[in-house]
Amino acid sequence: MSSTVVTGIGELVTCDGTGADGLGVQAGAAVVVEDGLVAWLGPQAAAPAADRRLDVGGRAVLPGFVDSHAHLVFAGDRGDEFAARMAGTPYDGGGIGVSVAATRAATDDELRALLAGRVAEMRAQGTTTVEVKSGYGLTVEDEVRALRIARELTTETTFLGAHVVPAEYAADRAAYVDLVTGPMLEAVTPYARWVDVFCEPHSAHAFTADEARAVLTAGRAAGLGLRVHGNQLGPGPGVQLAVELGAASVDHCTFLSAADVDALADAAGTTVATLLPGVEFSTRSPYPDAAALLRAGVGIALATDCNPGTCYSSSMPFVIALAVREMGLTPGQAVYAATAGSARSLRRDDIGRLAVGARADLTVLDAPSHVHLSYRAGVPIARTLELEA
Ligand SMILES: N=CN[C@@H](CCC(=O)O)C(=O)O
Ligand SMILES: [Zn+2]
């Protein structure tokens, strides 16, 4: 067993729920790490001895970002779709079929390399936990393959067979829902922790409330936790369905009614509203009012939604900066939502905060304060602190 004491921390952000914005900021603190866990934290002058010392030279240290919504197992490129969107073509989910075709055509090793590259890109920007969805296979074999490969890199794997109705089932949607809730679900269950569905009445490719309910209840019966893509392209039933079924998270929440906000506030502690401002950026959509959600008592998280269609960014610092500039959060609220909030959406308390016994997932900033994540937008100041000798 070897230990490291991290010293010279300009600002230690623990996200322990205390102090301004719940950030639990400590000045002059040190952290002792043993076997990947926080063994001690407190004033540097009182730090116990350790095998190694790592001085971070006055930089800010915070819990690693938790990216609780990402679609990273895909091949192909949709840059043209992005360019067309910037010229006025609205997003409707139809481009997902392009990624499905490219992903099906890729070999296991190609997909594995693409995934590894994207996870490494995230880690280099301070993300230490990432959730990875399937959803570009949409056959039993291709969905199993995506989740099997994702499981090699993360335990937070999500079955998204109900991403869109694939072209070959366009004339018989019910048959596809039967496949997703039957043989496909059974085959992917060993590799998935969560089930998700794109519940969206404003896309002909996505799923209705009744279809989504069938997918989620089947997933729950198979032992999976529930996540929902909801209220992305317009007002819709996703939020209410997520709350009704006790989902851990409903993601996007771009278009919320007052009743949706009330339902989310009542469900705080069970259902987190995961906001994905990179999607609003990349689809020219209005940003939801995150500050109003907090005032209403809604539990919120921030994530990238890194995917080839609506947001091909792997950057949690970018998301934090957008949440501050465009969604009304303070820099501290945004950091909390990107760490402790996202951990909550994954029902994890061993990540997203720094406390004795939690995972020692540390992110360090080339800056003295967490405020610089949004103040210095676009500058690569965040990175995972590698503690291995
Ligand atoms: N909206 C559904 N799924 C993704 C986009 C997937 C794609 O366009 O490839 C999202 O979260 O935005
Ligand atoms: Zn998504």
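Residue numbers in this text run from 1 along the chain shown.
Any Cβ shown, glycine's included, is placed from N, Cα and C.
No curator has checked TrEMBL annotations; they are predicted automatically.
Of the listed candidates (D142, D289, D305, D349), TrEMBL assigns D305 to the same Zn(2+) site as H69, H71, H229. TrEMBL names N307, G309 for binding N-formimidoyl-L-glutamate. Of Y136, Y169, the residue it gives for the same site is Y136. Here TrEMBL has Y136, H163, Q232, T310 binding 4-imidazolone-5-propanoate, and the candidate from R78, R359, R376 in that same listed site is R78.
Put simply, H69 (Zn(2+) binding site) is 13 Å from T310 (4-imidazolone-5-propanoate binding site) when counted between their Cα atoms. Neighbour counts of Cβ atoms within 10 Å were compared across the binding-site residues H71, R78, H163; the minimum falls on R78. Those same-chain residues not listed among H69, H71, H229, D305 yet with C-beta within 8 angstroms of the centroid of the Zn(2+) site C-beta atoms are A70, K133, D196, D251, H252, L276, V279, A303, C306, N307, T310. With a cut-off of 6 Å between Cβ and the nearest atom of ligand 1, the binding-site residues H69, R78, Y136, H229, D305, T310 reduce to H229, D305, T310.
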